[in-house]
Amino acid sequence: MDSDAKSGFDNEVDSKESAFYLDAAKYWEQVPPTVDGMLGGLSSISDIDLKGSQRFLNSIYQLVECPGKERALDGGAGIGRITQGFLMKNFPVVDLVEQDRHFLEEAKKSLKPTNHTGQFFNIGLQKFTPEPCVYDIMWVQWVLGHLTDEDLISFLRRCKLGLKPRGLIVLKENLTSSGEVEMDNTDSSVTRPHALVVELIKKAGLRIIKEQKQQRFPSDLYEVRMFAIQPV
């Protein structure tokens, strides 16, 4: 491929990626900053989800080389549902990363009456770089489908630098049963098969140390799994 042709191809790829992110941002701008909005009308599963996450976190702290319990990150935090409903009960400091400004403002508002301590970062995960060596747990849930494969790998590589010794990243995501990537044009996201998620984790220089399926979700939803991962 000559340089002009390659440049044109690169520009086309960049344009498609930009549209992927812009379309998602536009979708979420129209979503109300409520639990129902965050869960696509499925607020009824929130309590089951949070309890499943707590059980998984408890199992992580039964490991020999378990993380500390000082500071966590809520990646793709939305209105702070996970921070307030789960992470704050386990960590005295929880930072939130969320690209949608009105979601983050709602998170600040709802957390103000609580004993929440932590920072708020108004930025997408594809651009977020954590401070080095500060997090015991980086919890990233239901947001990686809004990242391209390349940006997901880059994000995880940056996350590695933000971990304390023995720190872990936890991914909680929908998985397809078809073995294929499935695109949702409504919110401009993808759902990946298990094998691809594992491949991307490995490409980022991380390994899975614990994996568990979320139980008690309605049968018509995607399978949801949690992955505790650490640098190789």
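Glycine residues also receive a Cβ, built from the backbone N, Cα and C atoms like all the rest.
What TrEMBL says about a protein is an automatic prediction, not a curated fact.
As annotated by TrEMBL, S-adenosyl-L-methionine binding site applies to GLY76, ARG81, LEU125, GLN126, GLN141.
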Under 8 Å by Cβ from GLN141 (S-adenosyl-L-methionine binding site), counting only residues of that chain that are 6 or more apart: SER53, GLY75, GLY76, ILE82, VAL170, LEU171, LYS172, GLU173
Lowest 10 Å Cβ neighbour count of the binding-site residues GLY76, ARG81, LEU125, GLN126 is held by GLN126
Cα-Cα distance maximum in Å, computed over every pair in GLY76, ARG81, LEU125, GLN126, GLN141 that the record assigns to S-adenosyl-L-methionine: 21
